[in-house]
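Listed in TrEMBL for this protein:
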BINDING   Arg26, His27, Gly28, Glu29, Ser30, Glu31, Gly32, Asn33, Arg88  substrate binding site
ACT_SITE  His27  active site, tele-phosphohistidine intermediate
ACT_SITE  Glu116  active site, proton donor/acceptor
REGION    284-307  region 'Disordered'
Amino acid sequence: MKNVEAKQKEKIQNLKMLPKHIILVRHGESEGNKDTSAYSTIPDHKISLTEHGRAQARLAGSRLRDLISSHGSYQDWRVYFYVSPYERTRSTLREIGKSFSKKRVIGVREECRIREQDFGNFQVEERMKATKETREKFGRFFYRFPEGESAADVFDRVSSFLESLWRDIDLNRLNNDPSQDLNLIIISHGLASRVFLMKWFKWTVEQFERLYNPGNCEIRVMELGRGGEYSLAIHHTDEELQEWGLSPEMIEDQKWRINANKTDLNDHCKWYLNSFFDNELDSDEDVKEEDIDSDDDSKDIFLDTDS
């Protein structure tokens, strides 16, 4: 009995060290969003926010503060920011930061690995339009832009960032006090945010292809569930998740995560396993029968070839 109680206390203590929220925010409206010809004369990383984009960011800051202060376990909460080095994300952070007092902010880190997908250098508008049409035919995840990156390339560097993020949490590099709710806010870009969620929730390439880009300053909230898993379904409705492109199976998985324990995860994702394995083969006997049928088919093939 004592061992059970000790394990339960350890589990509660470990949960206290985990961030209450991990929140993804896309930058506000940029000059490139307003007029794509800007990319042909301004380097992508120097594209700035429009006035409307700055207003969006200020509103997002207010929404984030309200969300964190009203959905936490403790009144004493803190935030830590990760931000892409691009001008439009840094400006978004500056506007968002106006909603948080200094005592609430543990720190800020500029993180190159969550930058925008590299589309090449200066982007000639007509050529880029044709290139993106080719991407749609080829597939958005694996298509690599000439002199740039594919979404798969972004996946690799975002995966590396996630490993660093977990080390920061495990080693308490963020100097989190367990009596305070820690909230991580990641200010990045549309594709980087989608790839982040893909990596975190182990979505397939096919599932990634279904996803839609978040809007400017749109907020996507991963909230810590009771068993130590994060879920999008705590803060967001089914309708929102559907609008993002999540399938019914993906939404059910998010709901399952609300109460899931980490040790249960691998056994749960049947919708993932079913895309690789035959559901009808439930026993060893079924497998043996399948092998016999396959052998018979192979013999027929050889006989047909000889004739």
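From the backbone N, Cα and C atoms, a Cβ is placed for every residue, glycine too.
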All chains considered, the count of other Cβ atoms within 10 Å of the Cβ of Glu116 (active site, proton donor/acceptor) is 22
Whole-Å Cα distance, Arg26 (substrate binding site) to Glu116 (active site, proton donor/acceptor), is 10
Between the two most distant Cα atoms of the substrate-binding residues Arg26, His27, Gly28, Glu29, Ser30, Glu31, Gly32, Asn33, Arg88, the distance in Å is 15
Rounded Cα distance, in Å, between Gly32 (substrate binding site) and Glu116 (active site, proton donor/acceptor) is 13
Least surrounded, by Cβ count within 10 Å, of the recorded positions His27, Gly28, Gly32 is Gly32
Excluding its own, the Cβ atoms lying within 10 Å of the Cβ of Arg26 (substrate binding site) add up to 26
Ordered by sequence, the long-range same-chain Cβ contacts of Arg88 (substrate binding site) under 8 Å (at least 6 apart) are His27, Gly28, Ser30, Gly32, Ile47, Ser48, Leu49, Gly53
